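K.L.:
So TrEMBL lists the following for this protein:
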type	residues	note
ACT_SITE	His183	active site, proton acceptor
BINDING	Gly15, Ala16, Ala17, Gly18, Gly19, Ile20, Gly21, Asp41, Asn100, Ile123, Ser124, Asn125, Met231	NAD(+) binding site
BINDING	Arg87, Arg93, Asn125, Arg159	substrate binding site
DOMAIN	9-151	domain 'Lactate/malate dehydrogenase N-terminal'
DOMAIN	153-314	domain 'Lactate/malate dehydrogenase C-terminal'
Amino acid sequence: MRVSTSKLVKVAVLGAAGGIGQNLALLLKGSPLVSQLSLYDVRGAVSVALDIDPVASPAKVLGFEKDELEDALLGAEVVLIPAGVPRKPGMTRDDLFNTNASIVRDLSAAVAKSSPKAIIGVISNPVNSTVPIVAETLKKAGVYDPRKLFGITTLDIVRARTYVAEALGASVFDIDVPVIGGHSGETIVPLLSRFRQLSEEQVKALTHRIQFGGDEVVKAKAGAGSATLSMAYAASEWTFSVIKALRGDRGLVEYTYVASDVQPPCGWFVSPVELGKDGVENILPFPELNEYETSLLENALKLLESSQQRGIDFVAKSS
Ligand code: NAD
Ligand code: LMR
């Protein structure tokens, strides 16, 4: 693919030496859409940058560590945040809050200072709470623009398409599955009623598998973390859509967790979002829900509200 170099985009990855960060960095380095890739981690980012540097692409790769965070963020147009600890078997994503909340708060305070106009994609869990943490931190710094802050929930879409295609014996390339709500267990609401071939039992089993697909990987990794490769793939797909929209391409839609008045009382909600030059261009309606999906959504909204409030309270109590 030939791309005008005047429209290439600078991307920073915070947490770049981790399981997601390294694989995401590699996928981004291979893209013709990226002009500069700044990799930051408390440790290990310089060696990752050196390692992927020879991959042929226009992207200049720079590694930053420790107190070099602000340098890493200078000029960044898209900032991706996979920094923080992953789950171990038996944990929920909410169990990560105590460790990851302050990591995400501190990183987003640096974004507010060094690249306040950047589009931010939050990967660190619990996404349902970490995104409000970033929002409140940016508000404190006076640079919050709700169009530019996203939770990356594309992995739920990636899983849903694959599992539904398998159940139908169809090609994954022919299957689109709306997944709304949030990114954690029962807050993940797949809308499967459009697949009329599926029995009620199949819909329930698939819904459960999409909601708890992350737990399957956590269990299989047996203490060594959670999904990294599929997440890096999902985050790269999300990032490429965002970059193309920044470059002026039209009609790019991603299901993603954004500030929303679509579903009060939730301030944040995964909807289909049309992307534009400033991030969120339009929050689109999702398909009509049947009775089963409505009950899933009602349950998800209660859980989402408390997770979001937890994030908001955390920043309010931070000095
Ligand atoms: P990991 O432990 O392999 O990597 C995390 C990296 O973050 C490490 O390299 C660590 O040094 C770095 N880090 C920690 N504190 C930092 C700081 N203050 N500044 C910069 N870097 C810092 O974990 P992982 O498997 O890559 O997962 C990362 C996060 O992504 C976890 O919270 C996990 O739950 C989450 N995750 C989210 C999704 C999603 O769908 N949104 C999917 C998978 C994993
Ligand atoms: C996932 O869905 O795989 C991630 O959120 C990681 C996890 O903790 O399951």
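Note that Cβ sites are derived from N, Cα and C of the backbone, with glycine treated the same way.
Just so you know, TrEMBL annotations are computer predictions that nobody has curated.
Walk me through where these features lie, including what they touch and how far apart they are.
P.N.:
The local packing around His183 (active site, proton acceptor), expressed as other Cβ atoms within 10 Å of its Cβ over all shown chains, amounts to 28.
A simple way to gauge crowding: the CB of Ser124 (NAD(+) binding site) has 30 other CB atoms within 10 angstroms, across all the protein chains here.
Sequence-distant neighbours of Asn125 (substrate binding site) (same chain, 6+ apart, CB under 8 A from its CB) are Gly84, Pro86, Arg87, Arg93, Leu96, Asn100, His183, Ser184.
Mean predicted confidence for the domain 'Lactate/malate dehydrogenase C-terminal' (153-314): the pLDDT average there is 97.
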K.L.:
What three-state secondary structure does DSSP assign to Arg87 (substrate binding site)?
P.N.:
coil
K.L.:
Which binding-site residues, if any, among Arg87, Ser124, Asn125 have a Cβ under 6 Å from ligand 2, given in order along the chain?
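P.N.:
Cβ under 6 Å from ligand 2: Arg87, Asn125.
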K.L.:
Which binding-site residues out of Ala17, Gly19, Ser124, Arg159 lie by ligand 1, going by a Cβ under 6 Å?
P.N.:
Ala17, Gly19, Ser124
K.L.:
How many other Cβ atoms sit within 10 Å of the Cβ of Gly19 (NAD(+) binding site)?
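P.N.:
That number is 19.
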K.L.:
Please work out the number of neighbouring Cβ atoms within 10 Å of the Cβ of Gly21 (NAD(+) binding site), leaving out its own Cβ.
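P.N.:
Other Cβ atoms within 10 Å of Gly21 (NAD(+) binding site): 27.
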K.L.:
In the three-state scheme derived from DSSP, which category covers Arg93 (substrate binding site)?
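P.N.:
The residue in question, Arg93 (substrate binding site), is helix (DSSP, three-state).
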